[in-house]
Amino acid sequence: MSAAEMCAVAEQEPTATTHRPVLYGAALAALDVRPDGCYVDATYGRGGHARGILERLGPQGRLWVADRDPEALAHARETLADDPRCTVLGAELAELPRLLAEQGLAAGVDGLLADLGISSPQVDNPDRGFSFQRDGPLDMRMDPTTGESAAALLERLSARDIAGVLRQLGEERHAGRIARAIVAARDAGDPPRTTLALARLVEQAVPRREPGRHPATRTFQALRIAVNDELGQLDRFLEGVIDLLAPGGRLAVIAFHSLEDRRVKRFIRRASSVGDLPPSVPVPPAGCQPRLRPLGRDLRADEGEVAGNPRARSAVLRVAERLS
């Protein structure tokens with residue numbers, strides 16, 4: 001199915017009580033779900049894509065869903081408990097290729113979808129600490145039961161290290177100013193421990209606003225990525241994902257910022273090329289054959305979807321198919 005055909009596929013409406021994921025119709029079209037196929041939703045969230053896959057599967061089809069967020073897992077287990085076609089895994093993205101292979105799925109997956117970033121329920125719950133628009137503890141962990149919160153990270157790092165995080169993971173031009181403001185507040189005995197406290201610090205530190213963007217946007221992105229090791233998780237996931245796919249199996253990844261999308265783009269490019277071979281080797285040896293074929297160009301949300309869901313503006317869907 002071409003990129004144009006993916007975009008043209010009519011999107012099924014989720015029910016009034018469910019949230020439509022970004023690029024819902026395009027992602028499901030990209031997977032080209034067969035009724036008897038085996039599919040993986042690597043980032044369940046609240047199950048929007050999973051429901052769409054299940055609607056297209058027959059009685060012999062199988063769906064594996066995974067997430068590392070305990071609330072998402074509880075939702076999946078409650079919602080999918082009565083469907084014998086489904087298996088729910090609690091797993092970080094990086095662990096998923098190994099866990100699925102242990103379940104006997106190596107070279108057996110017909111389609112795998114990864115919708116990167118945070119889900120709407122995570123953003124909307126102030127207790128999770130992801131949003132600068134709602135006051136709550138400065139947490140930002142995808143799994144609140146493990147690891148270091150954003151507040152703890154900011155209390156531990158030096159100004160130089162905080163600036164490095166903001167610059168590298170948020171592409172923040174004012175990283176130095178913001179880092180110094182955070183450390184000054186910390187030294188004064190008032191470190192940012194809530195989302196609004198951090199947002200106010202950033203607003204005061206940044207000399208001018210970008211039109212249409214809150215000054216704290218890049219800071220919150222950078223801290224979330226750092227707290228959850230999102231880029232490391234993505235890299236390790238991509239390293240093992242091809243071996244899961246059956247020949248002709250599809251990989252579909254939705255990214256929400258350039259740091260993620262560049263990684264996915266480079267991965268597909270490398271896996272779909274044979275590299276630089278000397279002229280004396282006119283036919284690539286077996287070990288150098290391309291393993292993926294990119295399907296069309298990157299896909300983005302149209303104006304109608306962006307109007308209904310502003311988060312869709314930055315989403316990019318890339319699709320590739322395993323060759324052998």
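Cβ atoms are placed via backbone N, Cα and C, with glycine included.
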Matching residue for the S-adenosyl-L-methionine site, where Swiss-Prot names Gly47, Gly48, His49, Leu96, Asp115, Gln122 - out of Asp32, Asp67, Asp82, Asp161:
Asp67
On a simple 10 Å Cβ count over all chains shown, which one of the binding-site residues Gly47, Gly48 is most densely packed?
Gly47
In the structure shown, which of the binding-site residues His49, Asp67, Asp115, Gln122 has the fewest Cβ neighbours within 10 Å?
Gln122
Once near-sequence residues are set aside, which residues in the chain of Leu96 (S-adenosyl-L-methionine binding site), 6 or more away, have Cβ atoms under 8 Å from its Cβ?
Val40, Ala42, Ala66, Leu89, Phe237, Gly240
